[in-house]
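Trainee: Sharing the features that TrEMBL gives for it:
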type	residues	note
ACT_SITE	323	active site, proton donor
COMPBIAS	532-544	compositional bias 'Pro residues'
DOMAIN	24-156	domain 'Beta-hexosaminidase bacterial type N-terminal'
DOMAIN	160-475	domain 'Glycoside hydrolase family 20 catalytic'
REGION	511-552	region 'Disordered'
Ligand code: TNX
């Protein structure tokens, strides 16, 4: 009670200045502030939306975002009829210039309007709106606050159609609720692809009806003595649906022909020597493969990819293809050719790590670059033959790399990746001999050999994932490290309020922590906890007596 009164008094005494209209991550394409147009969300505001089911769903998501912290009812009216001023309108328009994902946001004293050609565009506009409200909007419980939005207009469209992150659920298994929370993080930063690395030497994580032991036997373990696990078909469908509701397409990866020890433990008939190996719990790579000379292998590939395709609404199937060191080059190319034809036969487009480059071209073929050199004639040649590229350069986009030498988890084989290194590169010019038009976008992979909990996932993702998101979304003309680090630092209080772990990277001008910053449970090498222990999302909002939220 006393605390609530204190909060109220603080808010009255020190009304927070609204955010600046351009303080959004990823940076919008065009921003026109209007200092006289600030909008104050009031208790009686209505959310009005075009009468289209997908748009109405976005309005429901906006209401669900705003209700907990504001405590306002915010009813949703699916009507295009005029409503009283003071509300938020989500409007589907036929403005072709906004494209498949763009939106226009207009904020004035009378109300707020988000217009887009698609529900995805409206959804991205809602993410922008969320960032323009005070950080306390992330609170799970009501906060006394002036819910002010800065006046003006934003016109915003993505630079690239593919903006993704990858989660390795094979080295360590992460349950459905962890994956859903990662999807939420992607959605905040306007990412639209979640690549799930579903199979590897240490675990097979998806139930396949025609080869049931893949999951029950192959999914039993993980790295070290960590528990295994796998997604049932219902689990997987739940992930697909949750992602689709957030305008994110899931790209499942079945890594072939290498990284298959877990499959071989379940079905020794797929192994070159027909002997099932023991489970593997280490972190070496490149030793396992399914027998490319056996017809049984292609039955397996067709059955697995067929079941995955049937469960997956998205257009892409990722066939891995990395580090099959023991398969001779010619044999490997033949295997990839045949697997690509299986994918095409399922009506899907194939994606593979850039090692698949030497195989034949097929329609819609996409290579995912994970090298560290910026120069690879074999990949450039595959692009000349028609392949397109997703860029995940190991030395910029790999979120399993450590930030700094003392980062308690992660690798450093591709170097240390601090936030600036994640941010300071240009997808359009990154690879020698690859024209800008061949680049579909960017993706940040998180391999999980050393990542074991949700808090550790978040610690590695934040604050670097927004750097990759900005490269994927924002026009190159907005690229500016000083602007980015200042805008991004404002997300610290938002993550803290939402109970999301992150790394307080010393490169960013954070304000004082509003509450203990959740971080990995592992101690630093010195034995001191590196940062504070995780807090649950239901903790008190980060309001310090005498400080209005949003001013922190
Ligand atoms: C290389 S990147 C791998 C993965 C490892 C990763 C660790 C790629 C396609 N293969 O198997 O997990 O390095 O950083």
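If you go along the chain as it appears here, the first residue is 1 and each next one adds 1.
Even glycines carry a Cβ here, placed using N, Cα and C.
Unlike curated records, TrEMBL annotations are generated automatically.
Describe the structural surroundings of these features, if you would.
Mentor: Less than 8 angstroms from the CB of residue 323 (active site, proton donor) sit 258, 259, 285, 286, 355, each of them six or more residues away in the same chain. Secondary structure at residue 323 (active site, proton donor), as computed by DSSP, is coil.
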Trainee: Per DSSP, what is the residue tally for the domain 'Beta-hexosaminidase bacterial type N-terminal' (24-156) in helix, strand and coil?
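Mentor: So the domain 'Beta-hexosaminidase bacterial type N-terminal' (24-156) is made up of 39 helix, 35 strand, 59 coil.
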